[in-house]
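Take a look at the structure set out below.
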């Protein structure tokens with residue numbers, strides 16, 4: 001799968017990269033349709049202060065986690081521990097404010113992101129040095145990090161009253177009609193998108209995911225890149241944890257549990273292939289927004305939100321089937337192109 | 001099938017290739033499976049002597065009742081993972097079959113028929129996974145993340161937040177009944193039957209050898225006459241059926257059909273299977289190791305709970321055990337290759353280089 005890595009030499013590759021773009025466009029279209037349908041059913045879905053805010057605010061945290069997950073998936077790995085990392089950093093955020101009254105908010109951000117990055121580095125080191133499949137390692141750390149979290153909280157929890165008002169305001173306030181959390185998520189998304197598309201490091205993630213053995217032979221520093229991918233994923237989950245604390249105020253030991261599957265699901269819906277090398281963080285982000293927007297749209301469309309997971313499931317399956325169809329068509333075109341020449 | 005027998009490498013010869021010049025006792029005792037079994041024995045002995053109340057029959061009863069669904073699902077999961085695939089949707093099938101049993105029984109259908117239909121639904125669910133993986137050719141990790149959400153969504157959608165709790169007493173009692181005064185629950189009998197079926201299927205039939213062959217190399221297996229697609233499809237259907245059976249049991253054990261029954265159990269099953277020595281890359285693993293892996297996690301949890309250790313520490317230990325077990329085996333493999341290359345450079349007999357997946 002090389003829509004993104006081939007140099008545009010012929011008409012065919014151009015057409016192929018168009019298909020690659022259409023992939024994210026399709027998801028975006030689905031998202032727009034959901035929003036239009038829900039707004040038609042109830043204009044408040046979009047055209048009220050709360051509706052507009054929720055539309056942007058609700059997916060912001062998952063977008064961050066999904067971007068990190070997408071980077072790891074592109075290297076042909078997976079990070080199942082992101083939910084636990086998010087929960088752990090969310091509680092850490094609460095503890096920092098409780099144990100060090102008057103601590104600057106920016107310091108909390110830095111500490112939490114660094115802590116998330118450290119947890120990610122543990123995953124990455126185990127995966128990269130021990131050459132053990134990421135699924136097993138991060139399944140192990142999913143349990144371990146969550147266990148540490150529950151042990152640490154010990155039935156305790158952080159309440160909104162424990163957190164400074166300025167910090168909580170971050171979770172709800174808006175700037176020019178756009179929630180601050182959304183702005184943070186967008187900034188991260190733009191940086192990550194630019195990094196993945198234009199820098200050597202980003203391109204190497206794709207190269208490693210497309211063919212790890214070839215990347216190794218070619219002399220890419222696979223170990224270091226893998227470590228980077230997991231650190232990024234952990235750090236973004238850590239950032240998600242701080243924002244989770246700001247958004248919800250109450251943090252118990254179960255914060256973020258189950259998010260790993262939502263994050264992988266969002267990336268897969270957004271066209272990131274689980275076999276590595278394909279997709280973009282943009283797609284993953286749109287996937288995350290679609291996933292959570294559907295959740296809010298269903299009751300408005302008259303479908304009990306109990307069915308939400310079923311719809312999400314159909315969506316994930318539909319997205320990967322679509323990917324497969326596109327890949328098969330692409331292969332056929334490549335063969336045609338070869339036969340023509 | 002006879003052509004398969006002749007052309008595919010038997011699992012014994014696969015491992016034999018790897019342990020070619022090691023003495024027999026090393027080959028039998030120094031395996032991943034034996035290490036887990038030894039660890040299990042040590043934990044049982046230590047727990048029985050140090051933890052008060054662990055040796056009592058009631059502990060054994062609850063231990064088996066608790067791990068029964070995981071034991072059941074671990075059987076087909078082992079086979080699927082040896083082919084190099086994975087099924088994340090098993091716990092959702094447990095929930096779905098639980099809900100379907102509940103909804104149908106509530107609607108006045110005899111319980112036995114409701115349970116049978118739930119089993120069928122589980123089989124159909126497995127067939128959906130199998131179809132998407134083998135016919136459409138999608139990666140099973142992605143497919144089953146999708147069906148995980150889909151089946152769970154159907155389960156929760158059908159019952160909402162309500163629960164069905166009316167079931168024939170005969171069946172709910174049977175799910176918790178014990179064999180005389182031994183403290184061993186009756187549920188062990190169907191499990192042993194299934195274990196026998198799966199053990200024979202995996203370790204003593206051409207079909208089973210095909211499973212290992214697929215995990216080692218799909219292309220080679222296909223060239224050797226193994227029906228790769230058909231084998232995988234059958235395994236996914238089996239996983240659906242057994243998960244649905246576990247769902248019916250789960251419903252009876254707790255006397256409650258709920259949409260969120262057994263949420264997250266897929267991760268517990270996979271953790272136990274991996275701990276038991278099955279490689280996520282496929283081609284490696286055995287049922288006795290997996291059973292030991294499930295029991296090890298169960299015994300640890302039960303002993304620690306009796307020793308008043310909270311479930312969180314148990315989670316940490318489970319996770320750490322999983323990580324340590326896989327990292328240590330790859331560390332040992334690294335040591336072995338290093339020793340070998342050193343011996344080689346020192347002028348010793350040359351040895352065949354082995355791949356160390358796992």
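Here the Cβ of each residue, glycine as well, is placed from N, Cα and C on the backbone.
The feature transmembrane segment is assigned by TrEMBL to A:25-43 (among others).
The transmembrane segment annotation in TrEMBL covers A:55-75 (among others).
Residues annotated as transmembrane segment in TrEMBL: A:96-119 (among others). Residues 81, 85-86, 88-89, 141, 145, 158, 162-164, 166-167, 170, 231-232, 234-239, 241-242 of the same chain lie 6 or more positions beyond the ends of the transmembrane segment (A:96-119) yet place their CB under 8 Å from a CB of it.
The transmembrane segment annotation in TrEMBL covers A:125-145 (among others). For the transmembrane segment (A:125-145), the residues of the chain that approach it from at least six positions outside its boundaries are 72, 77-81, 83-85, 87-88, 119, 222-224, 226-227, 230, 260, judged by C-beta separation under 8 angstroms.
The annotation transmembrane segment is assigned in TrEMBL to A:175-196 (among others).
Taken from TrEMBL, the feature transmembrane segment covers A:226-246 (among others).
For A:267-294 (among others), the entry in TrEMBL reads transmembrane segment.
Residues of the same chain lying 6 or more positions beyond the ends of the transmembrane segment (A:306-326) and with a Cβ under 8 Å from any Cβ of it are 19, 23, 26-27, 30, 265, 268-271, 273-274, 278, 287, 290-291, 294-295, 298. Taken from TrEMBL, the feature transmembrane segment applies to A:306-326 (among others).
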Between the transmembrane segment (A:25-43) and the stretches A:55-75, A:226-246, A:267-294, work out which stretch tops the count of Cβ pairs under 8 Å.
-> A:267-294
